[in-house]
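Trainee: Quick one: the structure is below, questions incoming.
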Amino acid sequence: SRLRAGHAGSCSLEFDLATSLVGQPLVRQQVMKGVREFLENPNPVKPLVMSFHGSTGTGKTYVSSMLIRYLFQSGLQSPYVHHFSPIVHFPHAEQIEQYKESLKRWIQGNLTNCGRSAFLFDEMDKMHPGLIDVIIPFLGPSWVVYGTNYRKAIFIFISNAGGEQINNVTLALWRSRKDREEISLQDLEPAISKAVFENPQSGFWKSGIINEHLIDFVVPFLPLKHHHVKQCVVSELVQQGLEVRPGVVQEVADSIPYFPEEEKLFSSTGCKTVASRISFFF
């Protein structure tokens, strides 16, 4: 089938999030809640719309590809999965009207072809403001748009915007002795909203997607600590078929810059540079 069976998919997705994703309790909770509710509902009233926020290397792309792999048997290679990047697909500000028209036609055509399609919008922080609003008719709870039944589609927005604010809140909570497992969405949502939805540089600036509350799940990715980076190093070594030597794990994790200056608590690049740093040791 185009889409995997709901229950098997969500169980194995839950297992994978628990075992492969480091240091992101809120992400596991939000993603599983969204996917489970959506897949178990044979007649959803609207598509599933999720927005991933956090700094570089915290797992946003990793989780979105993991999610797509469980929903579609061919993963990101599936003809029903559509991936947009502002730099690749919408590079020129002066062509925004043409982009709007082609984006609307693309989504409409693909949803006509298969209602169970997924659309990933990468680097929303680099998207031209106003462009994304062209997809509003596909996100809401009306029954039919342009003659297309589209309520079983999935839209994922990925953005670095809000990362700095998430980091600041996480740091403040750490300083007040609050463990990351205790951080709630309520702790982070106001900071994300301000950074993402009220920022003139953001693709969501003054967007009807926000004003009409069309995002079902805002998913914050927390900054990663030293021991999370070590877990990433171990995973990468295993994946590359290399020997897991404690000394190498420690050295790779130590070679990454951490912030803030005094505590050196969180990795500045998350786990993003782990793979390239390992190559220095082998």
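Every residue, even glycine, has its Cβ placed from backbone N, Cα and C.
Feature annotation from TrEMBL assigns ATP binding site to Gly54, Ser55, Thr56, Gly57, Thr58, Gly59, Lys60, Thr61. The annotation domain 'Torsin-1A C-terminal' is assigned in TrEMBL to 224-281.
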Trainee: Which has the fewest other Cβ atoms within 10 Å: Gly54, Gly57, Gly59, the binding-site residues listed?
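Mentor: Gly57, out of the binding-site residues Gly54, Gly57, Gly59, has the fewest neighbouring Cβ atoms within 10 Å.
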Trainee: Which chain neighbours of the ATP site, leaving out Gly54, Ser55, Thr56, Gly57, Thr58, Gly59, Lys60, Thr61, have a Cβ atom within 8 Å of the mean position of the site's Cβ atoms?
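Mentor: Neighbours found: Tyr62, Asn160, Gly163, Phe221, Gly270, Lys272.
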Trainee: Work out, from DSSP, the number of helix, strand and coil residues along the domain 'Torsin-1A C-terminal' (224-281).
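Mentor: Counting residues per DSSP class in the domain 'Torsin-1A C-terminal' (224-281), I get 31 helix, 5 strand, 22 coil.
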Trainee: If you draw a 10 Å sphere on the Cβ of Thr58 (ATP binding site), how many other Cβ atoms land inside?
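Mentor: So the Cβ neighbour count for Thr58 (ATP binding site) comes to 32.
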Trainee: On average, what pLDDT score does this prediction assign to the domain 'Torsin-1A C-terminal' (224-281)?
Mentor: 95
